[in-house]
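**Q** Here it is, the structure, as structure tokens.
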Amino acid sequence: MARVLAQSLSVPGLVAGHKDSQHKGSGKSKRSVKTMCALRTSGLRMSGFSGLRTFNHLNTMMRPGLDFHSKVSKAVSSRRARAKRFIPRAMFERFTEKAIKVIMLAQEEARRLGHNFVGTEQILLGLIGEGTGIAAKVLKSMGINLKDARVEVEKIIGRGSGFVAVEIPFTPRAKRVLELSQEEARQLGHNYIGSEHLLLGLLREGEGVAARVLENLGADPTNIRTQVIRMVGESADSVTATVGSGSSNNKTPTLEEYGTNLTKLAEEGKLDPVVGRQPQIERVTQILGRRTKNNPCLIGEPGVGKTAIAEGLAQRIANGDVPETIEGKKVITLDMGLLVAGTKYRGEFEERLKKLMEEIKQSDDIILFIDEVHTLIGAGAAEGAIDAANILKPALARGELQCIGATTLDEYRKHIEKDPDLERRFQPVKVPEPTVDETIQILKGLRERYEIHHKLRYTDEALIAAAQLSYQYISDRFLPDKAIDLVDEAGSRVRLQHAQLPEEAKELDKEVRKIVKEKEEYVRNQDFEKAGELRDKEMDLKAQISALIEKGKEMSKAETETADEGPIVTEVDIQHIVSSWTGIPVDKVSADESDRLLKMEDTLHKRIIGQDEAVQAISRAIRRARVGLKNPNRPIASFIFSGPTGVGKSELAKALAAYYFGSEEAMIRLDMSEFMERHTVSKLIGSPPGYVGYTEGGQLTEAVRRRPYTVVLFDEIEKAHPDVFNMMLQILEDGRLTDSKGRTVDFKNTLLIMTSNVGSSVIEKGGRRIGFDLDYDEKDSSYNRIKSLVTEELKQYFRPEFLNRLDEMIVFRQLTKLEVKEIADIMLKEVFQRLKTKEIELQVTERFRDRVVDEGYNPSYGARPLRRAIMRLLEDSMAEKMLAREIKEGDSVIVDVDSDGKVIVLNGSSGTPESLPEALSI
């Protein structure tokens, strides 16, 4: 409203005696003028005071280099010869927004009635129509409404000609009312003119149409005046938001506009309790007591509780538990975003900040708290302007301004340490991350607040679990923040579970929505009879839903009485939230999962034939980790699989990822042949600063950060550059790795598998003694001999500090012919499955299977020749037949070998030779 009136008024005509004026233009008035000048809309004009039909005074208001009052006075002095009459000084500058709205509405009423003037009756209608001010409330309480008042006004003065001039003047009585309203404001000791003062001026004038309207409506002017003065007295605290210089009681209007009083919030009990942090609060108090440079700066990682220390200081001040140097002071947190917001013109930001500093200096009881203090640097800076930090520097050094800053270590280094002048004005106070025990105490201190918010209870075990599990599994955040978030989200989860509607109520609710849609459709079609029937049905269903909800509440209340206090957040709920955040199963092992873990070897052997030692080692490691017995500071396990090519080293890692972690994609696979050169090693942790790819992160570190619970396969480890092994030392020992950006990546929940072909030559030489033709004891002793030889060769290739950190070095056996036959069955099944998608049923004979095994068996190369044999003998033959259209969708195909050893592919209708056992026929 202020903006519209600012255009409609020719303000300088309302001002006189600029030498005597004590009132400077308010921010709101100036902003209104600027806005309206920019808009250039054709608003209402108001005349009646001398000199209103002159040049565009809004342009005068916009001239740079002058404050609001100077601009107004300049405009008045240029026309002093014509402005003979003495007019109330700076009147409209002191109108509140509600009073401005009243005048605007009065003009609208004049236009509505077709009158070329604004009289006392229009001001009365404006007072009633404004609706929210003291005047409107008093008139409403007297039974006066806008409709009746309009009728009375029209009875008394009738309607006008209909032609309304562009400029609507005030009648002499209306001008007298405005002058009397200013007088009433002065008598009440107010530095502003509100709607209540306009009403008092109207009553005091006592004559005119408005007085007759009030009389006709049965209102007693004396009674109205009494009510207005009473309400003004009651709301004395709430009228401080004024236009102009504001209420004399408010010494720090700028600070209140752009800051929040933490001490007041502490007195009202709105701040969370601060547990611990005594040394930091005492150090802050100590620094605040200094004569100069008394500005502590809290530095710590995000989430360790820097802001909580400022709140703790505010609580101590509120409780009087502080030394006399800061006793009775107010801690006010400054919103830098709000301070900068809206400063469109040069110098506005600096003006706000200087006002704020002046208020702090004059009050002498303000401690300013700036969260994210690094935002001072560059705030408000434009071409040729200076930023907030440079404006504040002199005051910070001389001790005129007590300021507590808070920022993170990175931001402090990046912004504040770069400016030594600013750095020396702040005294750093390090805020370390609390320990797990301290975090538990903090959670117990906050427990009551979260119980009230979520309407439930937390067990001690839940709080302890939140601290411990967040510390162990959430590595990229800091205590107590991550533990508090766990507690909060667990409370939200439990509350939502208990707040759900009963199933019957949900069904009824769906039906109600359907009925409402149908009812609206009938109403649109004006079929009100049907709509009425549906409305009755809707009401019945809603009553049923209410009854079901009430019944549920009664049942939960009964449960509450038996179980003390309703829903309870337990350790299980905290574990569930940790699992949902990280993907790491930390909840207790269920019966089904226990069975799965105990039978893990059998399941893996369905895919991995032979290699009992490796399968058992993997299974033991997973079981150990799942029940929580593994070392919490090391990876789940780290293995090196050594052996000849094609015996299942990589396949075992894939099988584990598919079985236990959900899919083969859950595995992070790094082919170490890609890291053969020295400069490629940096790809694991990310390029160093200044190199291409620095922002992308490392292939290994980024993958583990996104999926902390997984299998990491380093395939063909011996192909990597030796520098890779140096990098892996800290992963194997401490379960951590620092990437190129300095972030620590947690490997404590990963299973590390390295495959290697080192020692395959030794195995090949001794391989003839390891076979199915030997008895068990001979096989075992031969395996142990080969294992020791391979281990010796590994020691020659890898450095001892690398091998010493591995949990186990597992040597894979060469595959026997029987094992190759089992692998052939698995590979043939894969072909059957691929053909099944094309609706072709395939069977192979025993002779064909033996032929495949004979051609595919090679102890030195493992199972890979078998894959090539199947490709050549089966897949190639099938492909030719399918292209020749001899095999079509829906056919049943049998593959056999004739007496000459040639592969023959027969359609099922051509005759059935000896078929494969059922296991291999799909």
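Note: Cβ is positioned from N, Cα and C throughout, glycine not excepted.
These came from Swiss-Prot, pasted as-is:
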| type | residues | note |
| --- | --- | --- |
| BINDING | 300-307, 643-650 | ATP binding site |
| DOMAIN | 92-234 | domain 'Clp R' |
| DOMAIN | 509-544 | domain 'UVR' |
| REGION | 95-160 | region 'Repeat 1' |
| REGION | 170-234 | region 'Repeat 2' |
| REGION | 255-502 | region 'I' |
| REGION | 569-760 | region 'II' |
| TRANSIT | 1-72 | transit peptide |
**Q** For the binding-site residues LYS306, LYS649, work out the Cβ neighbour count at 10 Å and name the residue with the minimum.
**A** LYS306
**Q** Per residue, counting other C-beta atoms within 10 angstroms of the C-beta, which of the binding-site residues VAL304, VAL647 reaches the highest number?
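**A** When each Cβ's neighbours within 10 Å are tallied, VAL647 leads.
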**Q** What are the DSSP helix, strand and coil residue counts for the domain 'UVR' (509-544)?
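**A** Taking the domain 'UVR' (509-544) as a whole: 33 helix, 0 strand, 3 coil.
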**Q** Check the domain 'UVR' (509-544) for me and report the mean pLDDT.
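**A** It averages 79.
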**Q** What same-chain residues, at least 6 away in sequence, bring their CB to under 8 Å of the CB of PRO302 (ATP binding site)?
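**A** Looking at Cβ-Cβ distances below 8 Å from PRO302 (ATP binding site), excluding near sequence neighbours, one finds THR408, ARG477, PHE478, ASP481.
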**Q** With Cβ-Cβ distance below 8 Å and at least 6 positions apart along the chain, what are the contacts of THR645 (ATP binding site)? List them in sequence order.
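**A** Non-local contacts for THR645 (ATP binding site): ASN757, SER760, TYR861, GLY862, ARG864.
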**Q** For each of the binding-site residues (GLY300, GLY643), count the other CB atoms lying within 10 A of its CB, then report the residue with the highest count.
**A** GLY643
**Q** Give me the DSSP three-state residue breakdown of the region 'Repeat 2' (170-234), ordered helix, strand, coil.
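**A** DSSP composition of the region 'Repeat 2' (170-234): 49 helix, 2 strand, 14 coil.
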